[in-house]
Amino acid sequence: MIVLMISLMQYALTYELDVNTFSNYLDVQNRHLHLEWLLNMDKKYINATSTYKFQVIGRSINKITLDIYKLNIYSTYLQNGLSLQHTIDYPYADSDQGQRLNIQLDKTYYKGQYIELSIKYSIDSRSRSISFMTKEQTSTKTMPYLFSQCEDANCRALAPLQDTPSVKQTYTATVIFKDTEAADVFMSADESKEEFQVLYRPQDQAGFTWKYKYFIQKVPIPSYLIAIVAGNIKKVPTSTGGRTFLVSEPDKIQAYTDELREMEKFMQAIEQYIGPYTWGTYTLVIQPPSFPIGGMENPLLTFANPTIMTGTGSGLDVTIHEMAHSWFGNTITCVNWANMWINEGFTVFLERKASLFHYNISDDIKLNAIIGNTSMYQDMLGFGLDSNFSSLHPDTTGLNPDDSFSKIPYEKGYQFLTYLESIVGEVDFQQMLRAYLVQYKYQSIDQQEFQNFLLRYLYEQGVDDYSTKRYKILENWNKWVYSPGLPPVILDFSTVKLTEAYDYTQSYINADGKQPTKWEDYINFLHSQKQVFLEDLFKQAQNNLLKLNVIEQIDKDLKLTEENDFELKFRWFRAILTAGDKTRLKQISDFLGSVGRGKMVYPVYRALNLLDHDFAVQIFKTHEAFYHPIAKNNIKNILGLKEISIQ
Ligand SMILES: [Zn+2]
């Protein structure tokens, strides 16, 4: 106990603790993970062995505890074959955070010593991180499909792990799969030229052959960045430059490649602001429609939602965002999920800098900040303006950190950094960020460390008016980070394009079911302006000012119910449901069954639930099998269907 307290104190002196892991990561940390996975995609399970190289960092240990979530654990043993005892318990009554795997070691190990051990286990269809899809759920309908999604704390459903962003490890993997179930497999790692020793080689049978792929991730990464995708997929280069690639099902690959032809240029725009990309190649996977989020920045293998492919390039800001994570999130990582803005706020900041370099439309950046601010405010209202989930430092003790997920770390984080930049000056702030990346490369840090670095950097650089700048930086820092609700300083993102969008809404409201004279202005709006207009319609609906005859006229003019750009379509459906329109429920049901991206599905379910709870539940039941487990969980929360299960 005393030993634990000392090590806790040593760690606490530097960084915040992670309250969402059951692992004893303050005493022992994994340095390397090897996975051997045998995929049974049709039968929806994976036979697995994970091997670890732990290093003792506390004074001594005789036990290792790891996070798991609905994994079947068969055995734990040392590399010399000696079997180890293990138990599983439930530190919290519900299983939202999963279980704790306690491995009793054969003896006491002391600071600096390594412990190499293996765990045999399996993953089945109850997994929260792996989505096992049938071939009918894919686009080409020839093979089943599988993909993982681990952020926030879902990699514990992939393997027994220290499921905390504060621990980084390298990893290797051997993936064994049937040639009839997957054309190819990719992981968030390079393909290894070296073949690893395989523990279990299954026999080929009539009708299929087992294939082997080997992966290596040489850069230490947090567990939540481990990722896999398998199915009828193919990898192709996207553009000149030789470092950007695309993975998708073959039927869509040409259209996607065409739309992503500027990927190399996006990368160059980011590099122009922040410095060179250091991870080697960059591959974007366009996932099936049930992928629950816009994108996931798995290193060397970003996953993206097909809704970003609109045919017009309007959804590609997600691509720039995920690329920007290569610097913020993947190179420097938050130490726990309370500090998620250390990943997301910085990434949005870099994304918007790069977008400005690439597109050179400053109004678009401002409008995106306004749209982001609106989404953030809606999330805050959902949590309550005085809830700490509405702050940049949510307390997720005893909870699944996914429950606190919102736009707040993205947009409040972005606004905070923009505010700091306004104090420091653009050039000095850019140079500071470059130095910050060098200082904390491959480390995990908290917001206090960022503050320490920022002040130290400015002091050491001898910037003008250091004392005044220091005062201004510290003046509101704690309010920005810890106070719930809107930021302590309101930034001005106004532009004439914003006024145009608001005037456009008003022209429809005033026309009261007739066609306004300038209705065609919409066609030449920026994509962000169209979103502002639809957000404004939603606001009008909330204030009972959007009448059904106005909805009819807008739809007649702009064909929004038939819109293929889901970024616009979901906002339209949310607005009309909030206005009480029940005439398009069939199209709304079709929409909810064709897209699984939370950002688009949750607001529509929320609006539908308020309008007609029973119908919302009925639609959810119809499409339940289509959704990823993360989305399913969140929709159940929205509809009040969440059950508590121990198993
Ligand atoms: Zn992000």
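Indices start at 1 and increase along the chain as displayed.
Each residue, glycine too, has its Cβ placed from N, Cα and C.
What TrEMBL lists as active site, proton acceptor is Glu322. For Glu322 (active site, proton acceptor), the number of other Cβ atoms no farther than 10 Å from its own Cβ, over all displayed protein chains, is 25. DSSP assigns Glu322 (active site, proton acceptor) to a helical segment in the three-state reduction.
Summarising the annotation, TrEMBL assigns active site, proton donor to Tyr410. Long-range C-beta contacts of Tyr410 (active site, proton donor), restricted to its own chain and to partners at least six residues apart, with a cutoff below 8 Å, comprise Trp341, Glu344, Gly345, Thr347, Val348, Gly372, Met376.
In the three-state DSSP reading, Gln149 (peptide binding site) counts as coil. Residues or ranges marked as peptide binding site in TrEMBL: Gln149, Cys150, Glu151, Pro292, Ile293, Gly294, Gly295, Met296, Glu297, Arg597, Gly598, Lys599.
In this view, Glu344 (Zn(2+) binding site) is surrounded by 23 other Cβ atoms within 10 Å of its Cβ, with every protein chain counted. A helical conformation is recorded for Glu344 (Zn(2+) binding site) in the three-state DSSP classification. Look at TrEMBL and you will find His321, His325, Glu344 tagged as Zn(2+) binding site.
The annotation domain 'Peptidase M1 leukotriene A4 hydrolase/aminopeptidase C-terminal' is assigned in TrEMBL to 498-639.
Among the recorded positions Gln149, Ile293, Gly295, Glu322, Tyr410, no residue has its Cβ under 6 Å from any atom of ligand 1.
Listed in sequence order, the residues Gly295, Glu297, Glu322, Ala324, Phe328, Gly329, Asn343, Thr347, Val348, Glu351, Tyr410 complete the 8 Å Cβ shell around the Zn(2+) site centroid, once His321, His325, Glu344 themselves are left out. Taking only the Cα positions, the spacing between His325 (Zn(2+) binding site) and Glu151 (peptide binding site) is 13 angstrom. Mean per-residue pLDDT, taken over the domain 'Peptidase M1 leukotriene A4 hydrolase/aminopeptidase C-terminal' (498-639), amounts to 96.
Most Cβ neighbours within 10 Å among the binding-site residues Gly295, Gly598: this distinction goes to Gly295. Under the DSSP three-state reduction, Gly598 (peptide binding site) is assigned to helix.
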